[in-house]
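Colleague: Before we start, here is the structure in question, set down as structure tokens.
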Amino acid sequence: MAWNTDGQKICIVYEDGAVIVGSVDGNRIWGKELKGQHLMGVEWSPDSCLLLFSLVNGEVHVYDNTGGFVSRLNIQCLGSMGLGAIVVGLSWYNGRNGYFEPDCPTLAICYDNGRMQIMRNESDDMPVLIDTGMSVCASQWNHNGSVMAVAGTLHLSGASEKDCNVVQFYTPFGEHLRTLKVPGKQITACSWEGGSLRIALAVDSFIYFANIRPDYRWCFFANTVVYTYTKPERSEACVTFWDTRNNEHFIKHIKYLMGMTSYGEHCVLAVRTDDGSGQFGLIICNAIGTPVDSKYIDIEPHYLAMTSNYVFAVSKENFYLWHFKTPKAHSSLELASIVKADRQERLYHIDDTPTGVSDVFREGEKLYEATNDPVCCLAASERILIIGRESGSLQRYTLPHVALIARYSLPCRPHRLSLNCNSSRLAIIDITGLLTFLELDTRSTDTGSEVMGSILKFERKDVWDMCWAQDNPELFAMMEKTRMYVFRNMDPEEPVASSGYLCSFQDLEIRAVLLDEVMREPESPTTDHLLTLEVKSLRDTRDLLEKVSVKDAAAFIDENPHPRLWRLLAEAALEKQDLKNAEAAFVRCKDYPGIQLVKRISNIQNETLRKAEVAAYFKDFDEAEKLYLEVDRRDIAISLRRKLGDWFRVVQLLKSGSSGDDVQMEEALNNIGHYYADRHKWDDAVKQFESAHNHEMLSKCYYQLEDFEALESLVRSLPDNSPLLPSIAAMFTSVGMSQQAVDAYMKCNCVKSAIDTCVALNQWHEAVELAKQHNVTEISALLARYASHLLEKGDRLQAIELYRKADKQLDAAKLLYQIAEEEGKKKARPLRVKKLYLLAAQLVQEHNSRMKTTLKDTSGSRSAALMGLYDDGPALPTELQGGSTQTSMLDNPWKGAEAYHFLLLAQRQLYEGYVDAAMKTCLHLREYEGLLDAEDIYALLALASCANRAFATCSRAFIKLEALTEISPEKREAYEDLAMTIFMKYSPKDSRSNRAECTNCETMIPDWVSICPSCNTRFATCIVTGRPIMDVTAVWTCSACKHSALEQDMTMRAHCPLCHAVIVSH
């Protein structure tokens, strides 16, 4: 029977082919009879959509969750041995606790003959195939699908050997992890505990429990534990960097993490790239998980080792070494000859025998070819690299020049290797948990011969972890079952009950981490999961120092010398004021600061001061301060607290005594203020900084509190040209307080900064005023910059207003001419276009008047204009500079306004029936062809002249219309048809022609001619009627736009018809 993933359904199968699926409350959901099938087992798919049935003939059939047949599983592991094989294990990991790796095989089918295959899904045609080499009775996944346990009987060769019960452990990818031998006659079943820390085994009539020590991916360096775990909802591995000193942790997410190791201040992470290149990455990280160096490699890094300068990565057939760089290494002086560029990374085949010189054995594909004896572990130090192979052989290489110098043979496959601190001895844990040691140095045997690489007569079983001492090559700790042993010269001390994973062994202290506990709640590790264990000699020394004299304890330490013990003795002697023994002990542990301390104390005559110095050394600062105050040395107490950074206590001591001065008090208050500021307690910080008269920090606190009134008061209280004023002004600028910022800048004579602030806050009027007051010459550039900004946003009217405020009438007029031209092309509102041209003309006229006044006021000197105060250079961007049309407008600014004025006048006259006046106005419009559309001018002229029966003028207008190139052929044909219609009926002659006398040459000319053909005299045009003014005796001229009209036409008007200026008197 089998429950589905969520535990809501159960499937029960019978040997005769009956299948029943029921719910958790006992109700039957469906049942089915599989005729002709003899069933052996059942398993649900993780999504509960499929059912797998194992048959007595070894086949596995797939059905859907309603009982419909889907397919047969492709069984590849049996090969030619498939006859008679029975399925004894059918288990499909449901993914509830995350996956070992993305796309990890999870469906395991195991047969009684020892063959097994692990599939990614029911249709996987490339399963992992395993031959366990034993008779299997059961198999089962652990809680997170990372380990498959296979239980059975191993048949040993030889008549004297009897079969033994074993449990083999495999990864989902078929890699063999460990072998567990089990006592008893016949093993029949196995089952994991919920957290996979124990496994239960049914042997004969007993149940055995075996503790499991998971091979977590973890490492320890620089007080940091790095460990990895998976979440069900994420495909990436969560790599946690846990700072055990500060109890802080930093998390990185890595999709394909393969392994990690550490040394010194860094660790290395091995990852598989997911870009499809098939490469792998090595990432050097610091204690908070920040990458400091990385390298891409082509071999799969199954095993890693690391030293201070090198990373070693090993695949099944290759080993690779990489000389990595860290920030510390870059900052230190390195000789270029130590590491050449071409020697920074090297790749070797495990079957080659390098000699340390530049020898090349294999190249190309041969470098990666498979070996018959794959690599299974490695260890490295600064001098030696040891690589273990599955056959039990070890290969020893020298470093940094890689040369194979020795091979050793072991009776069993090694699982883990570890070198002691001076590389003289190698610890080996094999796959059965047996710990042995290999002597690497040359030593003499009993027969007198010298041998290198002999195995010591030392064995410990069931060992799962070991750690060498970093400061003693004869000292190591090991974990055996649930006990920790410490060995000195191969002699064990009393064991300590512990299940911790060993982190480090230094100064006679062993640090361990309870990873089993950490992994239960990996997101919130606590210091309770850390263990610090002391070796026996350290515990005994502590007891001796409490019970016997310093001299007797020294004799004991002499027999068991270690710097940590001498330091312990020195501290005990110092506490008892035994300065002679204390100095001797400090000398033995090479503690130079301790020696200096003893000498300083020996020069102090006062007994109380001596005690105070000792108390300070032991970090009992309250006691030290109390002793200093007892002998009236408040100054030393204050100095002590200053060194500790206890500024609150410094203030109390300064206030309670007469010693100290204002400088010390201000220093203390400033530091207290910084203490509050660092914690964003700005109100408390203000009080301290006010008392310390620290204006700089006060300004920052006021700014954080948004107390701008206090900041203004601070500006008023500061002296002129204070270096703090610009930074306060910048604070005002950042919150848009323009006036306050300008006041602060002006107080320190930073006129340019004040103007820049006005520009940044769009206070252009104030910027211009400041520039004028202080003769700043760069204002044109500022205006151009802001105008460009406005024009980029399309705010042309705002830009015009800006130019007007800045007395840049010419640039404003250019923009207005540009807008007027665009509006004129739309032919929508001619009155609006006239107003635009009118405003532009008034601005040009205002500019010209101001320039005349300026030059007159400077009494002929043009220095002001040359200085740029009234610089009328091109403030507009180049792309917005006007073309020839605008240039001519500036020469004759009223021409655009005149054109649209007369266009409107002609229309009005025509609609009111004054056809003769309309025709004459239209004849005058011909002078504005560059501003008005020629088609509009001549169409209006043709209409007015036809209505006035001046068909000659009408004919000339039609000729012009038909000759226009920009009109369409259809419109040209329409004009031709209309002209033909008119002139078929009327001859092209004017019906009447009024004449007038030229006032200059007295020649009779048509009354609509604006230039006399005889003397070329130009007549002004009346802005009321549109006719030329030939009688100059009765002319009215506008005082604003300087345009004329006949006085008789202006008698009833109060405004100028063109510029609409008020007429004061006629």
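Please read every residue number as a count from 1 along the shown chain.
For all residues, glycine too, the Cβ spot is worked out from N, Cα and C.
Pasting the relevant annotations from TrEMBL:
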DOMAIN    1-213  domain 'IFT121/TULP4 N-terminal'
DOMAIN    218-534  domain 'IFT121 second beta-propeller'
DOMAIN    565-654  domain 'IFT80/172/WDR35 TPR'
DOMAIN    891-990  domain 'IFT121-like TPR repeats'
DOMAIN    1021-1063  domain 'IFT121-like zinc finger'
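Help me understand the surroundings of these features in the structure.
Modeller: Per DSSP, the domain 'IFT121-like TPR repeats' (891-990) is made up of 77 helix, 2 strand, 21 coil.
The average per-residue pLDDT of the prediction over the domain 'IFT121-like zinc finger' (1021-1063) is 85, rounded to a whole number.
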Colleague: With DSSP, how much of the domain 'IFT80/172/WDR35 TPR' (565-654) is helix, how much strand and how much coil, in residues?
Modeller: 72 helix, 0 strand, 18 coil
Colleague: Sort the residues of the domain 'IFT121-like zinc finger' (1021-1063) into helix, strand and coil with DSSP and give the three counts.
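Modeller: Secondary-structure composition of the domain 'IFT121-like zinc finger' (1021-1063): 7 helix, 10 strand, 26 coil.
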